[in-house]
Amino acid sequence: GFFKSYAVEVDIKDASNATCLYADWMMRFLITYESNNGDYKTTTLNLSSNVTHNGSVCGNDTQAALVAVQFGEGHSWSINITKNNETYQGDFITLTYNTNDTAVFPDAKRKGPVTVLVKDPSRPVLLNTVFVCHSSFVIEAGNTTQIFWNITMQAFVQNGTVSKNETRCPADTPTSAPTVPPTTANVTTASTTTMSPAPTTAPKPVENPDTGNYSLKSGNKTCFLATVGLQLNVSQDKPLLININPKTTIADGACGNTTATLKLNDGNSTLIGF
């Protein structure tokens, strides 16, 4: 196993007892919480062997499908999936963890359920195809990191049968085969016509980020100090470089006895934690 955790299999039936949504996947969660003595600790929340899926619904053209699972001592996870013409796509993911679970949060200062809502970053999937992703991928939100792998899922299943047509996640897609150097045999039969490559415009260099001075105080004393220039390289459809502007960035966080957390918010939905 890539991670020690249990697999979840959810097979939701419609009124005629035909499968309308099928999902089989593995996941675990890393959660940072404040302990009773003011320290911040990171714990691992795994699925238990006893998982229920109360509240899951098929969905239709006007209502979102919902996969909802409950596990452990008051923990739950769900994703709602919307249908749009020829595709379906995850909308929002909701994780609720319960710090009253002393096996996972033995010394949590805050007691009770905590809910984290995050937008699903996955791309749309064609209807009547099953989404498959064996590779692991990570979604971070607030003080949680959600890790998923070995996913097989199809929403809005037609005729009660999970499709054999797959849509693979980008991480599962094999890279292009390396170019084979020409041998003496194929050089003599290859065309000798050559074409000069089209000139390319050099990309505009991105300026170095401005250096910011960020600090936290505990009472009248500075307990965390960072002098740093920050640039993010975001891998989406196109690479995106983002410089963090110190003039518009707010520092927040807390200092404990043995750990400290610095959170930088640039005001444009970018949150960086140290």
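A Cβ is built for glycine as well, from the same backbone N, Cα and C atoms used for every other residue.
Automated prediction, rather than curation, is the source of TrEMBL annotations.
What TrEMBL lists as compositional bias 'Low complexity' is 170-203.
Residues annotated as disulfide bond in TrEMBL: CYS133-CYS169. Neighbour list (CYS133 (disulfide bond), Cβ cut-off 8 Å, at least 6 residues apart, same chain): PHE148, TRP149, ASN150, ILE151, ARG168, CYS169, ALA171, ASP172.
Summarised by DSSP class, the composition of the domain 'Lysosome-associated membrane glycoprotein 2-like luminal' (209-271) is 3 helix, 40 strand, 20 coil. As annotated by TrEMBL, domain 'Lysosome-associated membrane glycoprotein 2-like luminal' applies to 209-271.
TrEMBL lists 167-211 with the feature region 'Disordered'.
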